[in-house]
Each structure stands twice: as C-alpha cells, then as structure tokens.
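K.L.:
According to TrEMBL, the feature compositional bias 'Low complexity' maps to 139-159. Residues annotated as domain 'Phytocyanin' in TrEMBL: 47-117. Annotation comment: TrEMBL describes 135-159 as region 'Disordered'. Marked as signal peptide by TrEMBL: 1-20.
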Amino acid sequence: MKRAVAIFLIIASLVALAHAADVPVKVGGATAGINTFDPQMVMANPGDNVVFTWQSGMHSVLESDAAKSCVKSAKPNAFSSGGAFAAPKTWTYNVPANATGKTWFYCGVPGHCEGGMYGTLVIGGTAAPGGGANGTAPGGAMPSMPATPSEGGAGAAPSAKSAASRNYNSFAAGVALSSMCLAAAYIL
C-alpha cells in the first residue's frame, strides 16, 4: 500500500512540474477603436499557452519575422489566428517545446499594425538589453525581466510584469507542490 501511495505522489509531482501556464493577452481595448495588445511584451516558457482574448473591434494575430514588422512571417509554420475576428473571440497559441528567444506578432487588419498594434513574445522569460518591443531598453532592465516597451501606453509595463509574475508564481507553486509530494513519497 505504501509503495502505491509513493508511486502516486511521485507521478503527481511530475505532473505539477509539467503543467503549462496560460499567459493572457488582451486583443483590442475596452472599446472599439483601441488597437492594442495588452501586454505588448509577453513572457512565456516552452509549452505554455498564450491565450489571446478579443476585447473589442475586428482583429487578427499573425507572426512576423522582426520587431514592429507588419509583414507576415516567411516561416512555413508561422502562427496565425486564422483570420480577422470580432469580440468575443479567444485563440490560443501553444509555445512549442523547443522554442527559444523572441518572436513577434501583429494585427493584420489594415492600419492596425501601422498604428502600433504589434507585440513581442519572449520565450524563456528573459530578454537581452535592447530587446523591448520597440527595439530600445528604457533604463536597465532586471536580468529576469525584459525591458518594458515605451510605446505600449500607460498600462503596458505593469501588465508585462504582471504576466511575468503570474508565470513565476505558477512555476513556484508547481515546484512547492512537487517537493511536498516527493518528501511524502520519501517518508513512506
């Protein structure tokens, strides 16, 4: 009996560590005519789900090959929301397990990207200095946090930090749970 409980606790600890986080991104603003991604800089880990939720207006999500680019990526497997949609709409991008570095995205509705509706996905949770969505680092960024974009509006920097905090807290909770399960399995 003790052996079965120990095996269960070990499996539970592995599941807790493997749990992917959902990273929320708002598409559009609270009212029509606000063309933004919030946050503009998104931090995720391989295996996480970036959940794009339309708030208002007609928008799409397309991968691009460079920061601030309004041109669809040339990669054959570039991600896309599959068209322009109006709220309410949710689309999820699963970050591939082998992904690293940065990728960029934008809204393909005419005029939206040119008006600043683009963003950066930092995979792995860190960004090199100068790696903000606008290509510059305003001041020094902490090593574990990317530089915050200066063009993201008043709410962009706190949202990016909030998303990073949620990812860190989710990971920390998983580590704590798995540690408790492994300790219980060891005691048994």
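Backbone N, Cα and C define each Cβ position, glycine as well.
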K.L.:
Note the mean pLDDT of the domain 'Phytocyanin' (47-117), expressed as a whole number.
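P.N.:
Overall, the domain 'Phytocyanin' (47-117) comes to a mean pLDDT of 96.
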K.L.:
How does the domain 'Phytocyanin' (47-117) divide up by DSSP, counting helix, then strand, then coil residues?
P.N.:
0 helix, 27 strand, 44 coil
